[in-house]
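S.K.: Pasting the relevant annotations from Swiss-Prot:
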TOPO_DOM  1-25  topological domain 'Extracellular'
CARBOHYD  Asn5  N-linked glycosylation site
TRANSMEM  26-46  transmembrane segment
TOPO_DOM  47-54  topological domain 'Cytoplasmic'
TRANSMEM  55-75  transmembrane segment
TOPO_DOM  76-99  topological domain 'Extracellular'
DISULFID  Cys97-Cys189  disulfide bond
TRANSMEM  100-120  transmembrane segment
TOPO_DOM  121-139  topological domain 'Cytoplasmic'
TRANSMEM  140-160  transmembrane segment
TOPO_DOM  161-197  topological domain 'Extracellular'
TRANSMEM  198-217  transmembrane segment
TOPO_DOM  218-237  topological domain 'Cytoplasmic'
TRANSMEM  238-258  transmembrane segment
TOPO_DOM  259-271  topological domain 'Extracellular'
CARBOHYD  Asn265  N-linked glycosylation site
TRANSMEM  272-292  transmembrane segment
TOPO_DOM  293-315  topological domain 'Cytoplasmic'
Amino acid sequence: MAPENFTRVTEFILTGVSSCPELQIPLFLVFLVLYVLTMAGNLGIITLTSVDSRLQNPMYFFLRHLAIINLGNSTVIAPKMLMNFLVKKKTTSFYECATQLGGFLFFIVSEVMMLAVMAYDRYVAICNPLLYMVVVSRRLCLLLVSLTYLYGFSTAIVVSPCIFSVSYCSSNIINHFYCDIAPLLALSCSDTYIPETIVFISAATNLVFSMITVLVSYFNIVLSILRIRSPEGRKKAFSTCASHMIAVTVFYGTMLFMYLQPQTNHSLDTDKMASVFYTLVIPMLNPLIYSLRNNDVNVALKKFMENPCYSFKSM
């Protein structure tokens, strides 16, 4: 067989959210605000659930780790994206791109699994309240969180090298604001059947397992709520579940749209807009949806703002 005649790609150029020069500064300001709000909200949740004695049950333990994951997911993407708004040559090295994809996969898969863990936690809390602290013990909490991170890490070290094992030898322009799977595979000059198959199987397995756990948990939660005799209690419980389900639906809907479709059907410009939701918008909204409507968190936040030392003294 004749030897291949090509120049291997050593760096990529990111097109960003928009290629319009007039929009770079306005977009920089918009996404800077989103990132700052994401940082503030999630760091606030991490701080409150770490130092306040009222927020030391399993629900807030899992919420703290969701905030850590959201913070990591945004930080893997946002700083590079913000920098690229301000420079003309939006380049990223081959290894920097691989590292970013690996970090993104670690956090996004960990978030998928953490949502399933949190759904199970809420199921036990509502359906078996008397046994809640026995079933969801400290040991189980640590085990579930450890498995969540381990699964995210194992997915990242399998999928990311697989994506970068194909040949990139023609265009090096990634039609995206970060190194994502679909735009990278679109640049490959070799057969992408194996990495596409691995990505599809991995995404399908992760999402289906997590979604089944979430749906079964919330189905039983709804049945339990319907048995509540007090109209006010039922209304409050439904309102709380609706908030969580909105966040879960937006997240899973975006992920299904992104990854469970054939590569040939991808519209990369549409994918960029969808990616904004689960890399920046959802991590920004999660602290509000999951906790700021919660009375315990509101009380803890008020006490912390009045006297930051109060929470430490009350532990």
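Cβ coordinates come from backbone N, Cα and C, glycine included.
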S.K.: With contact taken as 3 or more Cβ pairs under 8 angstroms (pairs 6 or more apart in sequence), are the transmembrane segment (140-160) and the transmembrane segment (55-75) in contact?
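M.R.: They are in contact.
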S.K.: Which of these disulfide-bonded residues has the least crowded Cβ, counting other Cβ atoms within 10 Å: Cys97, Cys189?
M.R.: Cys189
S.K.: Where does Cys189 (disulfide bond) sit in the DSSP three-state scheme?
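M.R.: Where Cys189 (disulfide bond) sits, the three-state DSSP reduction gives coil.
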S.K.: Should the transmembrane segment (100-120) and the transmembrane segment (198-217) be scored as in contact, given a threshold of at least 3 Cβ pairs under 8 Å and pairs 6 or more apart?
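M.R.: Counting Cβ pairs under 8 Å, at least 3, so yes.
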S.K.: Which of the three DSSP states, helix, strand or coil, fits Cys97 (disulfide bond)?
M.R.: helix
S.K.: Are there residues at least 6 beyond the ends of the topological domain 'Cytoplasmic' (121-139) whose Cβ is under 8 Å from a Cβ of it, and what are they?
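M.R.: Sequence-remote neighbours of the topological domain 'Cytoplasmic' (121-139) are 57-59, 62, 216-218, 220-221, 224-225, 237, 241, 244.
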S.K.: What residues elsewhere in the chain lie close to the topological domain 'Cytoplasmic' (218-237), defined as a C-beta under 8 angstroms and at least 6 residues from its ends?
M.R.: 119, 122-123, 126-127, 245
S.K.: What parts of the chain pack near the transmembrane segment (198-217), using Cβ distances under 8 Å and only residues at least 6 beyond its ends?
M.R.: 109, 112-113, 115-116, 119-120, 122-123, 155, 158-159, 162-163, 181, 248, 252, 255-256, 259-260
S.K.: For the topological domain 'Cytoplasmic' (218-237), give the DSSP counts of helix residues, strand residues and coil residues.
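M.R.: Within the topological domain 'Cytoplasmic' (218-237) the tally stands at 16 helix, 0 strand, 4 coil.
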S.K.: Which residue counts does DSSP yield for the topological domain 'Cytoplasmic' (47-54) in the helix, strand and coil classes, in that order?
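M.R.: For the topological domain 'Cytoplasmic' (47-54), the helix, strand and coil counts are 7 helix, 0 strand, 1 coil.
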S.K.: What counts of helix, strand and coil residues does DSSP assign across the topological domain 'Extracellular' (161-197)?
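M.R.: Each residue of the topological domain 'Extracellular' (161-197) counted once, the result is 15 helix, 2 strand, 20 coil.
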S.K.: Could you give the residue numbers and ranges of same-chain residues that sit at least 6 residues beyond the topological domain 'Extracellular' (76-99) on either side and whose C-beta is under 8 angstroms from one of its C-beta atoms?
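M.R.: Hits for the topological domain 'Extracellular' (76-99): 9-17, 24-25, 27-28, 31-32, 34-35, 38, 107, 160-161, 163-164, 168, 174, 177-179, 184, 279-280.
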S.K.: Tally of helix, strand and coil residues over the topological domain 'Cytoplasmic' (121-139) according to DSSP?
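M.R.: Result for the topological domain 'Cytoplasmic' (121-139), in helix, strand, coil order: 16 helix, 0 strand, 3 coil.
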